[in-house]
Amino acid sequence: MKKGGRKTCWVPKNNQSSSNSSASVEDQRSSCEPKNVSPCVGSETRGIPLVGSVSKWSGVVTPPNVSYKPFTPAGFQKASSSVDNLRFGDSAPAQVNYSSGGFQSPSSGELVQQTRHLTGDIDKICESSELAISGNKQDQASQERKDMSEYGAPFDICNVKAATVKLKPALHVKNREKRLENKRSSEGPYIKILRPGMVLLKHYISAADQVKIVEKCRTLGLGRGGFYQPSYGIGEGKLRLKMMCLGKNWDSQNSKYIDVSPADGAKTLSIPGEFHKWVDQAIRDSHDYLRTQSVRNIEETLPSMTPDICIVNFYSKTGRLGLHQDKDESKESLRRGLPVVSISIGDSAEFVYGDQRDLEKAEKVVLESGDVLIFGGSSRHIFHGVTTINAETAPKSLLEESNLRPGRLNLTFRQF
Ligand SMILES: O=C(O)CCC(=O)C(=O)O
Ligand SMILES: [Fe+2]
């Protein structure tokens, strides 16, 4: 398992998230690997923790408040069960029978025969379970996560429009909005090289396109595979953002990309076609700019890439993201320094970056609505994070047209 991957190297701000240190994340992660998967252990004692024994996780993982749905083998009907509420590690429910036609409360005379029947049933259950487990552990893991109640319904990044009477904003808010608006329109778009391979395109995405991006993300985010709050590990702390992944799903608990949403097991959503044009154009415009700056070896300094992953984060005003490297993409992609292209929409954010995982030594840049930040080449492995969301700094017109909630939407495109 790769250490120090995306979002695994947290630097707690003011020690608020010290329980989420990288050490504890790693510790928890290694203890989350399924161990000694042996579906038939329970059946040997006939007692019978049928479902509880299907997947054995090491002790600490037994989540106190998470219930799992039972695995019901094909061809078997659940006759009576309290398995729905069975938790791993709980003692077996008194009456759990899977019936393949009529096995119900036995009388004592029928007990031996029916125990044999039950043994047969259990063998079949075990066989099916083994098949399911060996067939695709990933499917089962996602199924288990899917059934966890902790993720809840997808998060809506927009406020639901309601017929409310809007209060007039206070004078200081109006003045700040005016100042920001003036700054945006007087500055217009421009490009800045922050360091070799790291380019900032200011005010790059038009106001109309920002609205389109919010609308598209909202629609996708409300469906299956939509926005959820990722966590470090089962029963561990949560990241301070909502996330939806397109193209491939980033699994925060194992720091790797998978093909289903860890929240609900849905097949990963595709990146909408129209998103590609902003990424392609931003890289092309950066190349043109580098040329004007007499940079040689443009492709080496900032390689081109075709994104097949888009991670969409939504930060509320208290959201943030600790210093980390994005290093769960393929070795080849990382070796070539294929860039991460990041689009910011909504409230501005203080984005920190540097060569070390050290906030004190990190540089800071404010990312505003419509800005695009690209880091590739020799900057691909920078540590970076978001320390602050600047409340009430989103363009007023964006909020009016898209109804985006207070906060910041960020899309990072990568090529696996
Ligand atoms: O929100 C941002 O600007 C950065 C997001 C990020 O680093 C990530 O998703 O890996
Ligand atoms: Fe990142």
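Every residue, even glycine, has its Cβ placed from backbone N, Cα and C.
Feature list (source: TrEMBL):
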| type | residues | note |
| --- | --- | --- |
| BINDING | His324, Asp326, His384 | Fe cation binding site |
| COMPBIAS | 14-24 | compositional bias 'Low complexity' |
| DOMAIN | 306-416 | domain 'Fe2OG dioxygenase' |
| REGION | 1-44 | region 'Disordered' |
**Neighbour count (Cβ, 10 Å) for His324 (Fe cation binding site)** = 21
**For the domain 'Fe2OG dioxygenase' (306-416), residues assigned helix / strand / coil by DSSP** = 19 helix, 50 strand, 42 coil
**Request:** Run through the Cβ atoms and count how many others sit within 10 Å of the one on Asp326 (Fe cation binding site).
**Result:** 22
**Message:** Just to be sure I understand the packing, how many Cβ atoms besides its own are within 10 Å of the Cβ of His384 (Fe cation binding site)?
**Reply:** 24
